[in-house]
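S.K.: Residues or ranges marked as ATP binding site by Swiss-Prot on the basis of sequence analysis: 17, 18, 19, 20, 21, 22, 23, 24, 25.
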């Protein structure tokens, strides 16, 4: 059956999935392999939050927030989030920044502005976008949509390892409980619930290495007749 998906000259690969599924790592490596631009949609909200704090813009000042988001200079390179050319990957993980991101995201105009910024990352030669609704909401016409997941136990183990490597203490049972609670919230929310697009490729990475997951995404891309 011939696809009815609208044609766009700039290819997009979307990689959606739950927390700690490895989608960010896979997306960054796929983008690097293909020479594509990279979008970490989750970090985008935190970058906007960090910028609002640095410029003393109140979380309730919707007009100022929208203008700020429109003017932000944001790039993602090799897993690093840059604001005005400076790596702020660690800064945006602060609890205060996360709280501010939640506070500004409640405003409809702010979410609309952030959606526009996400779509603006679509530039030649192509884009790899990772998040939760990239294939369903932001880029419904993406050439390749991947929904990457893993068991809650595997994801908790990965997150625990990441935190320990960064010098943080963590209890794996607490992480597992938090992941399951977040999965339930994300899957049942009214706006853009976490779910695979109808035409997404499902990739369970519970028993896969990062390289194996990347290779599978690239195989799917090649199968579309694209050089990879």
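Cβ coordinates come from backbone N, Cα and C, glycine included.
Keep in mind that this is a model prediction, so the values were computed, not measured.
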S.K.: Other than 17, 18, 19, 20, 21, 22, 23, 24, 25, which residues of the chain come within 8 Å of the ATP site, judged by Cβ distance to the Cβ centroid of those residues?
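M.R.: Everything else in range on the chain: 26, 130, 148, 149, 150, 155.
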S.K.: If one looks at the chain holding residue 21 (ATP binding site), which residues at least 6 apart in sequence have a CB under 8 angstroms from its CB?
M.R.: 148, 149, 150, 155, 205
S.K.: What's the number of neighbouring CB atoms sitting within 10 A of the CB on residue 25 (ATP binding site)?
M.R.: 19
S.K.: Comparing the binding-site residues 19, 23, which residue's C-beta has the most other C-beta atoms within 10 angstroms in this structure?
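M.R.: For the binding-site residues 19, 23, the Cβ with the most other Cβ atoms within 10 Å is 23.
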